[in-house]
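J.: Pasting in a structure now, in structure tokens, and then I'll have a few things to ask.
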Amino acid sequence: MNVKTEPDRSRDVSQPLDKLGPDETLKANSDYLRGTIKQSLADEITAAVTANDAKLMKFFGIYQQDDRDIRDERRRQKLEAAFSFMVRVRLPGGVCSPSQWLKLDALGRAYGGDTLRLTTRQTFQLHRIMKHNMRAVIQGLRDVLLDTRAACGDDTRGVMCTVNPDLSKLHAEVYALAKQASDHAVHRTGAYQEIWYEAERQDTDGPEEPFYGRTYMPRKFKIGFAIPPSNDIDVYGQDLGFIAIARRGKLKGFNVAIGGGLGRTDQSPKTYPRLATVIGYIDADKLFPTIDAVMSVQRDYGDRLDRLHARFKYTIDEKGLDWIKAEAERRLGFALEPAQPYTFTSNGDPLGWVKGEDGREHCTLFIQNGRVINTPDHPMMDGLRAIAQVHKGMFRITPNQNLIISDIAPEDRPAIAALMKQYGLDQFETRSGLRLNSMACVALPTCGLAMAESERYLPDLVTKIEAILNVHGLKDDPITIRMTGCPNGCSRPYIAEIGLTGRAPGKYNLYLGGGFHGERLNKMYLENVGEGAILEALDKTLGHYARDRKPGEHFGDFAIRAGYVVEVKEGRFFND
């Protein structure tokens, strides 16, 4: 191997704080994330918290936001912005009980604008929480054994796990490890209990953060567990991905993939999405040492000067994959074994009913863009509450923002199915293949980074694309389409067959050629265009696809074969 022996350390944690970015000083001087958050919460003059406290609160799963629909009007009236907060739950693998669902439903109705949001990382978000209500929300979550620690911030984000109920035993094994991984990697500071539960500070015998230290990670770090043949979690988009390898239906171990990440900045060509690289295999009992070793390499060598360059993918491409692997193995004390064979067939959700190995049944419901809300013609939130009141199994959020009513005894299926029909929750049976494989981030009006609409616009755009699909006989074909309101990639648009990222109000970059299994990045086809140009381009390319595709060929593969875009073989060539 061509391994670099002396990597550049001028931008990592080995340097004095005054040589690094301001966020590193903020973290180091925050008293393990305490900052002045208590004082900010007590300040009744403003609905906001201080800028520094807003950054620290991300480590507790909380984002300060404002209603951008009325921002200009409030400015004209010389009022402060209409501040509120988004609260994200830590929910490894997306699994919650009926009692937890009912609590979240109640909190959403009382404090979150009568809605819940299912996310692309298998958890819940509550939006429009007022500052004076945040403790009530977080303490309400505690009542059902949920918290929001590390759902945002420079730490290990929510741990993902394939939702594969038809492989019940294997899923149970992998999910148990994913849940343990979430607990293993979460930060240890007592600040969360002191601020949100109003607990007394406890003395500690050792370091308050034995793994993270005072400055935590350089940037977010994402971990996910995939169970082939499903790649629903988009394992190649994770900083650290584990691909389950089974023998005779029992978990044997994991292939290890490192360096995935999909965020980028349009104005910064040095930023790009990258798919994770599989570097080897470990037995299941080596999982937690491997997590520690890989994370510690990024903790120690990640860029802490430039946050646009701070994700693990850039550390790998700068230091070299061979060096990163060798350093992780040095810390592990053993070499990874060669990767084991595996096959992915899809990164979508099989909607409808399936029966698991244990005889229990599961039904996957289509939740458009993850938005759980009542509308005059579709009382979805009421319907899911009614199911939670009688359901004896679990709820499982998928990485595609859908919802599985899981672990249903055969004798209970008729009652659950009747509620689904009563509340219109079975409408997935009439949806197009494109809509069922669509995904959008929240974007406007609450996300401060959004430059264009996403969740509020994609359903209407899909309706217009469906008219094109009908003309070309493609209505039922599964084609992935994903939209974000900015280039940061929260709905993973850069691995969709059709990707759209916001540039300005009504303007988007259009990407084509992503892999249907999540195994290939797409490539920009049109830049900064409006709806008319998007529909014209899709009419052309989808029509060509309908006429000339090969048997079993997916649209993303065709877009490359037909020459609409070139294949992106490595993330660092994405912007070429």
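Every residue gets a Cβ built from N, Cα and C, even glycine.
Here's the feature list from Swiss-Prot:
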BINDING   CYS441, CYS447, CYS486, CYS490  [4Fe-4S] cluster binding site
BINDING   CYS490  siroheme binding site
COMPBIAS  1-12  compositional bias 'Basic and acidic residues'
REGION    1-25  region 'Disordered'
J.: Out of CYS441, CYS447, CYS486, CYS490, give me whichever of these binding-site residues has the highest number of other Cβ atoms within 10 Å.
T.: CYS441
J.: Taking DSSP states H, G and I as helix and E and B as strand, how many residues of the region 'Disordered' (1-25) are helix, strand and coil?
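T.: Summed over the region 'Disordered' (1-25), the classes give 7 helix, 0 strand, 18 coil.
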J.: An 8 Å radius from the center of the CYS441, CYS447, CYS486, CYS490 Cβ atoms defines the neighbourhood of the [4Fe-4S] cluster site; name the other residues of that chain inside it, in order.
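T.: Same chain, not in CYS441, CYS447, CYS486, CYS490, Cβ within 8 Å: VAL442, ALA443, LEU449, ALA450, SER454, THR484, GLY485, ASN488, SER491.
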